[in-house]
Amino acid sequence: MAGIRVTEVDWQRPRNGAAHHTEEYPGPVLVVRRGQRFTFTLKMNKPLESEETLIFTVETGPQASEALHTKAVFQTTELEVRNAWTAVKETQTENTMTVSLISPPNAVIGRYQLSTRVSSRRRNSDRKLGEFILLFNPWCPEDAVFLASEEERQEYVLSDSGVIFRGVEKHIRAQGWNFGQFEEDILNICLSILDRSLSHQADPATDVSRRHDPIYVTRAISAMVNSNNDRGVVQGQWQGKYGGGTSPLHWSGSVAILHKWFKGRFKPVKYGQCWVFAGVMCTVLRCLGIATRVVSNFNSAHDTDRNLTVDKYVDSFGRTLEDLTEDSMWNFHVWNESWFARQDLGPSYNGWQVLDATPQEESEGVFRCGPASVTAIREGDVHLAHDGPFVFAEVNADYITWLWNEDESRERVYSDTKKIGRCISTKAVGSDSRVDITSLYKYPEGSRKERQVYSKAVKKLFSMEVSGRRTRVHRASGCGLWRDDLLEPATKPCITGKFKVLEPPVLGHDLKLALCLGNLTSRAQQVQVNLSGATILYTRRPVAEILHESHAVKLEPQEEKNIPIAISYSQYKKDLTEDKKILLAAMCLVTRGEKLLVEKDITLEDFITIKVLGPAVVGVAVTVEVMVVNPLSERVENCMLTVEGSGLLQGQLSIDVPSLEPQEKASVQFNITPSRSGPRQLQVDLISPHFPDIKGFVIIHVATAN
């Protein structure tokens, strides 16, 4: 007589998807979250006997084993078993049984095979029921990634678009980014990223067994999003030359990058910079179920020698000497924070953890960074895992300027040493506003507590070095500096200086500024002012000099005087990078030998507006109007609009823009047909061979069809 066998499985995708907040994932495979029951119905060719039960097996990864917690065998019961794989029989009719499966809240995440057999049958007679994907669960209080606020879960796990803040401290600009974690194939690609990691290549079974731990998973993703060690997703490029690839500023989201990497057989995608790495990592971690946000740090330090200072060497015109300056201060740097418990450090360090996929320094032999507890950074506990010293320096290092003389001597120049780590920003929950989270990273600048934390970090940093050896700062001059020497302040000069923008700096227009000098004393002062200006990358690396002039200025007692500065469009036109940034410097040399360096970072403004001409409804075409402006005083041709937005259009739309006369405004219209309801972000990018990209975005609230 033939035995009992399962003939059909109903995975109840709509019901499970709604309960697990996974209904947005496309495709036939069931996606659920760990620590929470999901239900399916089995049809059998005949009823079970009264003494028979079903025995289930779940397994994930190669060489799955119960010892590694990548396999579990369990039979149907009446009650849930805590912290173990459990199958609870919900209902049973003649030939059907509805079963709820519950995974432990610390189960390995990933792709599982589910099979079953009847208890009376021999082993090895398992019938494969199919596959499901198990994710982290921020809704489950027992999961290490649990996040209590529903509003924050909606924002940091389920929102498929966001805002990345770029620019300079005094002129912060929002750029839309399409995370697109629910787009076709993205979940499959995110799981493939884990399978391509160095750890997986070395020992697949052990690697999979460790995927229960968000610390392990996020650290692996941090390494894999860049391509430096492991044929990861994105190849970095900071030289301003993007031949053979896409400029980092042309990307509007993660989906095209991840698809390109996957379809190109894991060949790194060219090119990315910090916000691209952060945008892609946010997509991957949200997709896997870890609450993640994008964070921008303005005036961000890259401290190469771990002495908690950024040492900048300049000449007598304030120009950076690249061959001597190993450290750097970027206009901004973008990383991620993910929310989870630090079971390795203790509950004091739970919460937001810094992760940075931008390949800046190696960590344990691999280009990756984090997770570093934000609380540990604020408290100066830089000795705690992972990469605390590097992250602490990014937001806390002192900025020290050295004048390098022709005889190879050097001297400290008075400048703002406390400019590092300003306006640390992230997108607000539920809106596109900017939220300043600097206070999560450090105590108020200059406060007693902040100085105590800084001193504590210095002590811990040096105690981390090999016993009996002090860290030296090696410079191109061949001499070393002790850390203590760096703390000696420069002499405060008797004059003040500040750059003032007289008209808004607009792309394609002349720049009009003034250097405002003030005499603080009751004696006249003779000042030699050496001015320089350069187009720069956002890392503040100079590209080309566009200004070089000197002024002899006499300041009467207590007098203030303005030195006008004009930079014509023709001066900066050919050397302006896609970052649209210019750095001005004034080295002010006072008669008595005092020196003051004044700097100003300028980002050129541009203009684009987007309007939706009517209500947006799922499945109904609606017209969008984009108003573009030629910023130049010359005719431009061959411009193009690229348009992207998850839930609003499939893939990317490209639209040719007619030639534009000097300063001409033009309207470009196109239709979109939304496929998903709710707030959706539409990104528009005006691309031209004549000027850097001009980007804009708008939130469209899409209603469901009646």
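Every residue gets a Cβ built from N, Cα and C, even glycine.
Automatic prediction, not curation, is the source of TrEMBL annotations.
The feature domain 'Transglutaminase-like' is assigned by TrEMBL to 266-359. Among the features that TrEMBL reports, active site is placed at Cys274, His333, Asp356. Among the features that TrEMBL reports, Ca(2+) binding site is placed at Asn396, Asp398, Glu445, Glu450.
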(message) Return the count of C-beta atoms lying within 10 angstroms of the C-beta of Cys274 (active site), excluding that atom itself.
(response) 27
(request) Can you tell which of Asp356, Glu445, Glu450 has the least company, meaning the fewest other C-beta atoms within 10 angstroms of its C-beta, among these recorded positions? (result) Glu445
(request) Taking helix as H, G and I and strand as E and B in DSSP, count the residues of the domain 'Transglutaminase-like' (266-359) in helix, strand and coil. (result) 18 helix, 40 strand, 36 coil
(request) Among Cys274, His333, Asp356, these being the active-site residues, pick the one whose CA is nearest to that of Glu445 (Ca(2+) binding site). (result) His333
(message) If I take every residue in the domain 'Transglutaminase-like' (266-359) and average their pLDDT values, what number comes out?
(response) 96
(request) Let me know how many other Cβ atoms fall within 10 Å of the Cβ of His333 (active site). (result) 25
(request) Measure the Cβ-based neighbour count of Asn396 (Ca(2+) binding site), defined as the other Cβ atoms within 10 Å of its Cβ. (result) 24
(request) Using all protein chains in view, find how many other C-beta atoms are within 10 Å of the C-beta of Asp398 (Ca(2+) binding site). (result) 20
(request) Name the one residue among Cys274, Asp356, Asn396, Asp398, Glu450 whose Cα is closest in three-dimensional space to that of His333 (active site); these are the recorded positions. (result) Cys274
(request) Measuring Cα to Cα, tell me the gap between Glu450 (Ca(2+) binding site) and Asp356 (active site) in whole angstrom. (result) 24
(request) List the other residues in this chain whose Cβ sits within 8 Å of the Cβ centroid of the Ca(2+) site residues Asn396, Asp398, Glu445, Glu450, in sequence order. (result) Lys418, Ile420, Gly421, Lys442, Gly446, Arg451, Tyr454
(message) Distance check, please: Cα of Asp398 (Ca(2+) binding site) against Cα of Asp356 (active site), rounded to an integer number of angstrom.
(response) 21
